[in-house]
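Asks: What follows is a single structure, and I will ask about it in a moment.
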Amino acid sequence: MYFNNELSGLKDRFLKSLLAQKYPDRINFFLWELKFLDCFLHLQNFAFASECGMLDVSQKMLKNFKRMCATFRSIRPNAGSDNAFAYLKEVICKRLCATLLNTRPDACSDDGFAYWNEVIWKTKQEFRAKYSFPKTPLASNKVDDDDINIHSPKFVMEFIDAVVGNLNVLVKINDPCSLLFVPGPKEQIDQVSKELKLLRFFVCFVSNKCIEPQYGHTTFYIHALIEASHIAMVVWLHLPVYGNGNQDLAPSEVSRLLSDFISRNSNYIDVLKALKSTIPQAQNKHAAESGIVETPTHNLMVGLSDQMVNLQEMLCLLRDNLIHLPILDLEFHLQDMDSVILDAGLLIYSLYDIEGEKEDTVLDDMNRALGFDLPRNIEPIKVMVYLVMQKAFQCNLPRVHGLGYVDFLLKNLNDFQGRYSDSLAFLKNQLQVIQTEFESLQPFLKVVIEEPHNKLKTLNEDCATQIIRKAYEVEYVVDACINKVAPHWCLERWLLDIIEEITCIKAKIQEKNTVEDTMKTVITHTSSQLARTPRMNEEIVGFKDVIENLRNRLLNGTKGQDVISIHGMPGLGKTTLANRLYSDRSVVSHFDICAQCCVSQVYSYKELLLALLCDAVGDDSARRKHNENKLADKLRKTLLSRRYLILVDDVWDNSAWDDLRGCFPDANNRSRIILTTRHHEVAKYASVHSDPLHLRMFDEDESWKLLEKKVFGEKRCSSLLLKDVGLRIAKMCGQLPLSIVLVAGILSEMEKEVECWEQVANNLGTHIHNDSRAIVNQSYHVLPCHLKSCFLYFGAFLEDEVIDISRLIRLWISESFIKSSEGRRLEDIAEGYLENLIGRNLVMVTQRADSDGKVKACRLHDVLLDFCKERAAEENFLLWINRDQISTKAVYSHKQHAHLAFTEMDNLVEWSASCSLVGSVLFKNPDSYLYSPAFSTSLILLNFKFLKVLDLEHQVVIDFIPTELFYLRYLSASIEQNSIPSSISNLWNLETLILKSTPVGRHNTLLLPSTIWDMVKLRHLHIPKFSPENEEALLENSARLYDLETISTPYFSSVEDAELILRKTPNLRKLICEVECLEYPPQYHVLNFPIRLEILKLYRSKAFKTIPFCISAPNLKYLKLSGFYLDSQYLSETVDHLKHLEVLKLCDLEFGDHREWKVSNGMFPQLKILKLEYLSLMKWIVADDAFPNLEQLVLHGCQDLMEIPSCFMDILSLKYIEVDMSNKSVVKSAKNIEETQVEDNQNTNFKLVIIKKMVLKFDIYQNHDKGRLETFKKLVPLPGVKSVRFDMDEKKVTVTGVMDANEVQLVVSKLRKRGML
C-alpha cells in the first residue's frame, strides 16, 4: 500500500529467481504477510490509533524484527532504527529478502520462510486472545497535528483499497494445496469485501460533494478508517499460515463484522442529511454517485417485497447508467440528481433504524416509522432513473453513422414482433407508429445520398443523423424489453419520447422542403452537368531525374550488394517511386529474383519472411508451420546464389532492418535492395555503398502537372483563368504530392469553373502549407455524410495492409453503411461508394480485375490511415484497443457503441464485460493463428450482446459458434470442429458466414446442418469443403435462400447433391466447389446452374477426373476448371451453354483425344481472357472465327504444347500475350504473333511478355520415402531453381525455375548422383 513499489519490485525479483521454481506458493504467502503488516504498522504511526483503542502490533513486531536480525547475521539494520514500520520497510523487505534471494534453492533456503512464518504465527496467537473491536474517538477530541494526513479522504480510500485487495486474494485462491487457500465460507468474505467497497464509495461521494470538509466529515472518515482496519485485523488474525494448518475465518466473526457495519448506519444518515444543504460540485465522472446507490440484497428488508424490488431495480439502473456519464449531459439536472441520490441513500439506511423488523411489516407502518411516504419518495427516483438511463445511452452513440441503419431496423422490427410477440405486446402500438414514421422518412434519406451538394446539405445531414440516432434508441428499447433489463414504465415512456422527437424532425424537414422549393439550385455538379473524372492508371508524375538516378544505381555501380535507401517526409511518394522502379521492365530483367515486403510500424517478422519467400520461390502453405529461424535460413539459401532485387518498404527503426538484413547474403553479384523510410537515421544505418537519397519536394511545374493529371485525366486544362487558380492551389499544397492529390480529389467533384476553384483556394488558406493533415481534414469535411462512415472505417485496418474489396464491401453492408435503393444490389451501391472515395484520391487502388477493371484490392496512405484512426476515435466511431494503450477500459462506458479493433486476445478478455452495446469487434494481428485454452473465446464474446460484426480474420480460433448473438450479421473466424451446430439458425440476422479450418482440421469435410437453410438473410457462405448433413431434410423441409449470392466451398459427391443445393439457391452469383462423382451417367448430363450465376470455379477431388455434367449457365462470365480430365467434345458441348463467358481459366487439366483441343468457328464469342496453366495439351487447333473478342492470352507451364495457333495473329482485339515455362516453339510462335500484330495490324497496344522459366517433372511412383523427398527439396539453392512442388496424389515432383540448358543439366546430374533417376 504505502510502499507498493518496493513490494512489487520484490515480487518481480522473487519470481525471476531460482526460488520461484521451488517455492512459488511460499513466496506469495510471504509477500501477503508483508502487505498486511504494511497496512497495520503504517496506520499505527499516527496518534489516533491509540485513542481509538486499536490493538498495537508495532511494539510486538519490533521485538520480532530485532530478534530476526540477530538470527540472520547477514541482516544489518541502520543504526538507531527503533520503529516497527521502518524495520519492516528497511530490514524485512530489503535485507531479509536479499538474503533469501542470494541463497541457492538446493540449500536450506526454506529456513528463512519457515522462521518468518513461525514468528508471525505466534504473534497472531497472542493477539487473537486480546483483540476486540476498537471504539470510535469522541467527536470533541482534538485532532493531532501529526495525524492531519490520515483524515484526508484520499488516505482513507487508499487504505480501504489495500484491505479489499488483500481480501480478494482469499476469494480467488481455489487450490486446496495453496497456503492461502480458505476452505471456509468464501461467500461471507466476499460480502465483507463488497461492504468495504460501498464504504469507499461513500467516502468518495462525501469528498466530491464538499471541497472543504466540515469537522463532522472528518469524524466520518476516521470512523471509516477504523472499520476498515477492524476488518483487516480480524481477517489477518485468522489467515492460514504455513506449517499450522488452514485456519479459516470463523462464521461468527463474519457475522459480527456485518453487524458492526449495520449498527453504525446512523453515521451514514447524519452525513447524508448534512450533505442535503450543500451545493453540488460538477464532476467529470459519476463513479461515486453510482457507488452510493449500490444496494446489496441484505440491505433491503424482507417485508414490503414489491416496493423493495421496485426500489432495488431502479437503484441498480441508476448505478449502472451513471458510471462515466459525461457531466455535460446532465449539467442542467445536477441538483436534482444529487437530491435524488441523497434521498435514496437516506431511504436505504433509514430502513435499518426501524426496530422489530418483521416479514409482515406493512406499508403504512413503514411510512410512519420513516416519517415520509415511500411511494411518493420513489417517484423522483423513477424520473431520474429514466433521465440518466436515456442520457447514458445517447451520449455514447457514435457521431458518424451509416444511413443504411434504418433499413436494418425496419426489417428487424417485423422479425422481432413475430418472434417475441408476448414480450413486446405492451409496446405493440408504439412500435407500429414508429415503423410508419421511419418508413415515411426513407425518401428523405434517399435524397440526402443522391443530392449531397444541395444548398441545404448541412441541415439535411443533421436531420439524417438525428434519425439514425433514434433508430439506435428504438433497437435498444426493443432489446431491453425482450431481455427484461429495464422496467416497462421506463421503456414505454422512452418510445413515446422517440415518437415525439421523430415528429419534430419531420416538421423540420417539411419546413426545409418548403424553403427548398423556392430556391431549388445545386451549387456543384449534377449527373447531367459534370462528366466524371476519367479513370487513369497509376502512372507516376514528376521525379524524372530521381528515377533516372535510382535506375542507374540499381543497374550499375558496385559489384557487391548495395542498399538504395530513400527517405523523406510522409506524402512525398516514396512508396510510389520505389514500386515504379521495382516494376520497371528494364530493371526487373536484370535480376534473377525479385521480392518485396512492407514492414510498417508494427510488423510480424514471420509474415515478412513468408511474403519474401512467396515472391522468391512461390507460395507454399506448409511454410506457415515453420518457425522464424527456419524461414530466415530458407530465404538466405534461396538468395545466396542469385542476383536479387528486394524492396523493403516503410521501415520505421533500425531494429526492423536488423531483423531482415541477415537474410540478404552478399554474393558479390550486384544484388540490390531498395529501402524506404521516413527517417534519415534509418536510411543512413541501412546504407552500404550508396548514400541515402533524400526525396525532394515537387517543383512548381511538377505540382501543377500532377494536379492537372488527377483532375483532367489525359486531357489538358484549356482555360487559362482556371489554370491560374490551379497553379495557385498547387503552390498552396506546399509541393507535397499527397496534398496535391487530395486537393485534386476535391476539385474533381466540382464544376470546372473559376468561381468553384477560387472557393477551394480560399478554404485551404495559407495554413495548410506543408500540413497534409489540414488538407485531409478538408477532404473529409466535404465528403457527403454517407461516405464519411465508409472512409473512417478504413481506420480499422493495419498500416500498409492490402484490403480485399469483397471483404470490405461485405463489412460495409453489415455495418449498415450502405443505404438500399430499389432495383439495385447493395454490393453494386457499395462499389459506387468506393469508386467515389477513389475518385477523391482518398483510397489507392492496388489491384484491378483484368476482365472488367473493377477494383479488387486497395490500401490507404499512412497519413490518411492515421487521420481515420484519430478522427474515428474523436467521433466515438472506432476505438483501437492496443497492448500498450495507456488508457484503460475505465475511460469508456459500458454503453459504448463504437466499433472496437483489438490486437491481442487479452485485450478482448479485459474489455468484454465493459462493452455490452458495442456493435463491432474486429481483430487485427499480423500473426497467423491465436488460440488460448485458458479461456473460452466464445463465452467471452457473449458479453457483446449487440454485436453485428465479428471479424476475427481467421486468426482467432473459437471453441464454439456464439449462437446467442442474434444481431450478428457478419461472422468470420477459425474453428477446429468438423461440424456446425444446428443452433446456428438462431443467428437469424446473419448475412455473411466465413469459417476457416485450422491446420489441424483442414483436410476434413465439415458437416453443415440442415438448419443452415433456415437462415433466409444469408448472402455469403464461405466454409472450406462442407457438405449437407442431411440431404433428405434439406430437400423436404428447408426454404430457398433467395438472398444467397456466393458459396464456397461445397463438396459434391454426386450430381444430385449439386442439383439439390442449386435449387435452394436460385439467385446465386458466385460458386466455388469441389466435385467427386464415383458414378456418373454415360452421356453428359446438363446441369442447370442459377440464371444469375456469373462466377464458377470447379475443382476435382482426389478420387475423380472427369466432369460428369455439362455446365449450363446463360449469364456466366467467369469459369475456372482445375484438375479434371477433358476432351474437345466436352468443351464444345459446354460452350454452347456459355454464350456470355468472358474469362476462362483451365488449370492442371489432362486432355483426351490425343491431347488435342479443337476450337470451332463461333465458339467463345464474348471471351476476353484465356488462361491455360499446366495443361497436358500438345496440339491446339483454333478456327479463324473463334475468340473474336479475345484481349489476353496467358500460357503457364504448358510445356507439351507445340505452338500457339497462327489465327491469333488476326484477332484485332488482342492486347496481351504472356508465356511462362513453355518450350521454344511456343515462344517462337508468340513472337510471330507479336510481329504481325504490331507491324502488319498496327496494334500499338499489343504487349508480349515472355518469362524465361523451365519446368522439370519427375515421376516418383517408387521409392518416394521422406528422405528422397528431402533430396528434391535440396534442389532449391541450385542456380535457376525457383521452387519444387510435390503432388503425392499423382506421384509427381515439379521443379520450376529460370534455368538455361546448363542449369537443367546440373539439376539432372544432382538427382542421378542421389540415385533418384
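Backbone N, Cα and C define each Cβ position, glycine as well.
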Asks: Pick from 419-442, 683-706, 1235-1258: which range does Swiss-Prot record as coiled coil?
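Replies: My reading of Swiss-Prot: the coiled coil range is 419-442.
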Asks: Identify the coiled coil range according to Swiss-Prot, selecting from 293-314, 535-556, 997-1018.
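Replies: Going through 293-314, 535-556, 997-1018 one by one, Swiss-Prot gives coiled coil for 535-556.
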Asks: Long-range neighbours only, meaning 6 or more apart in sequence with Cβ under 8 Å: which ones does Leu572 (ATP binding site) have?
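Replies: In sequence order, the residues whose Cβ lies under 8 Å from that of Leu572 (ATP binding site) (at least 6 apart) are Leu695, Met697, Leu736, Pro737, Leu738.
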Asks: Look at each of the binding-site residues, Gly568, Pro570, Gly573, and point out the one with the fewest other Cβ atoms around it within 10 Å.
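Replies: Comparing Cβ neighbour counts within 10 Å for the binding-site residues Gly568, Pro570, Gly573 gives Pro570.
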Asks: Sequence gap of 6 or more, Cβ distance under 8 Å: name the residues on the same chain that satisfy this around Thr575 (ATP binding site), in order along the sequence.
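Replies: Once residues fewer than 6 apart are set aside, Thr575 (ATP binding site) is near Asp649, Asp650, Thr676.
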Asks: Which residues, sitting 6 or more apart from Met569 (ATP binding site) on the same chain, put a CB under 8 Å from its CB?
Replies: Arg678, Leu736
Asks: Across the repeat 'LRR 1' (944-968), what is the average pLDDT of the model, as a whole number?
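Replies: That stretch averages a pLDDT of 85.
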Asks: For the ATP site given as Gly568, Met569, Pro570, Gly571, Leu572, Gly573, Lys574, Thr575, which other residues of the same chain have their Cβ within 8 Å of the site's Cβ centre?
Replies: Arg678, Leu695, Pro737, Leu738
